[in-house]
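A.B. asks: TrEMBL feature annotations, pasted as is:
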- Lys45: active site, proton acceptor (ACT_SITE)
- Lys45: N6-(pyridoxal phosphate)lysine (MOD_RES)
- Arg143, Met321: substrate binding site (BINDING)
- 252-384: domain 'Alanine racemase C-terminal' (DOMAIN)
- Tyr273: active site, proton acceptor (ACT_SITE)
Amino acid sequence: MTDEATVQLPAALRREARIDAGAISANVRTLRATTGAPLVMAVVKADGYGHGAVASARAALAGGADRLGVVDIREALALRAAGIEAPILTWMHAPGADFAAAIAQGVDLGLSSLRQVREAAAAARAIGRPAEIHVKVDTGLGRNGVTPAEWPGVVAEVARLVDEGALRLGGVFSHLANAGAEEDLAQVRAFEAALDRVRSAGLEPGIRHLAATAGALRVPEARFDMVRLGIGIYGISPLDGVTSADLGLVPAMTLVGSVVAVKRVPADTGVSYGYTYRTTRATTLALVSLGFADGVPRLASNRAPVAIHGARFRVSGRIAMDQFVVDVGDGLIDGRQVAVGDDAVLFGDPATGAPSVEEWAEATGTIGYEIVTRVAGRVTRRLVP
């Protein structure tokens, strides 16, 4: 143990998100088996929910995913540039989006309006190659998607453009609001009505998809031909009161910082800005090299767990931009002294003794999706065996 006020300093900082690609592959297999879905789309938007889009896509495909999903064309083209040849669907587009580039690279377009349908057809004509499209209907989420009132007109235009040869209808899709069992089933019925309209226009709907991870797990009626698996493939539960372990999933990200300083302090020492934490006894403080600039929520101050050598502590005081403090007591864990250079694990796989993403979400009043997607760019993503 160091003397009072003695400080150890590190040789180097470590801010690292360790990504277990094998866990992503295994989670795809688990969720396919659980849902029984004929087709699986692995959603790798938002840089693979913070895990790295290319690595996540490859891992998901290795686990048996049939297709990939991203939000915008830029994300899709980045996957193509990395050599990924699997079918990719992208579904959010501003006016004037580069549909031609997407079509040229064999990227499927999720379209949500008459304007988008016509822009996609124009781009297809310009490059002499039909656009593969999935048309989205808003069945009750209130985001993008063709409204029920506009659906017949959009379907008629799609049918005309398919006959012309500018478009190919690869699928019809929507998204559940997960507002409750009754509301989910109402959306299923609305989706089925939208599909009937497609068929009445002389079109085959192609791949029918409605459910993301939560819906695929909770609403068997919503599985149709394909489920879109996002948060679940990263080993995080989307269901309240249900853990990843309950679902047989393995968290793929472990967020680790370095212990960059260790010091002994007396009782009644104020810690970090505003002194929202004061020591109650002589103790050891460990400084960790992650802060809110790295995506660690400031709301986790004095709330969220951290593991060092498998022992659990709590963030002590306010989280700063680049660092936070942990009161580690006497600093002795199973005969080992907490020391500069040790790993401080914010979250990971609870089976290894790490705190869970769900615990961090609960501590900050949010959801696991936000915890992993907010991990910032200066945190190195490192694939681990």
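Cβ coordinates are placed from backbone N, Cα and C, and glycine is handled just like the others.
Fair warning: this is a prediction, and the values are worked out from it, not measured in the lab.
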A.B. asks: Provide the three-state secondary structure of Tyr273 (active site, proton acceptor) computed with DSSP.
C.D. replies: helix
A.B. asks: From the DSSP assignment alone, can you count helix, strand and coil residues within the domain 'Alanine racemase C-terminal' (252-384)?
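C.D. replies: Each residue of the domain 'Alanine racemase C-terminal' (252-384) counted once, the result is 26 helix, 50 strand, 57 coil.
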A.B. asks: Between Lys45, Arg143, which of the recorded positions has its C-beta surrounded by the fewest other C-beta atoms within 10 Å?
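C.D. replies: Comparing Cβ neighbour counts within 10 Å for the recorded positions Lys45, Arg143 gives Arg143.
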A.B. asks: What residues, ordered by sequence, lie under 8 A Cβ-to-Cβ from Tyr273 (active site, proton acceptor) and sit at least six positions away in the same chain?
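C.D. replies: Non-local contacts for Tyr273 (active site, proton acceptor): Gly317, Arg318, Ala320.
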A.B. asks: Please average pLDDT over the domain 'Alanine racemase C-terminal' (252-384) for the predicted structure.
C.D. replies: 97
A.B. asks: Rounded to an integer, what is the Cα-Cα distance in Å between Lys45 (active site, proton acceptor) and Arg143 (substrate binding site)?
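C.D. replies: Between the Cα atoms of Lys45 (active site, proton acceptor) and Arg143 (substrate binding site), the distance comes to 17 Å.
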A.B. asks: Sequence gap of 6 or more, Cβ distance under 8 Å: name the residues on the same chain that satisfy this around Met321 (substrate binding site), in order along the sequence.
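C.D. replies: Same-chain residues close to Met321 (substrate binding site) (Cβ under 8 Å, separated by 6 or more) are Gly291, Phe292, Ala293.
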A.B. asks: Helix, strand or coil for Arg143 (substrate binding site)? Use DSSP.
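C.D. replies: DSSP call for Arg143 (substrate binding site): coil, neither helix nor strand.
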A.B. asks: Can you tell me the three-state DSSP label for Lys45 (active site, proton acceptor)?
C.D. replies: helix
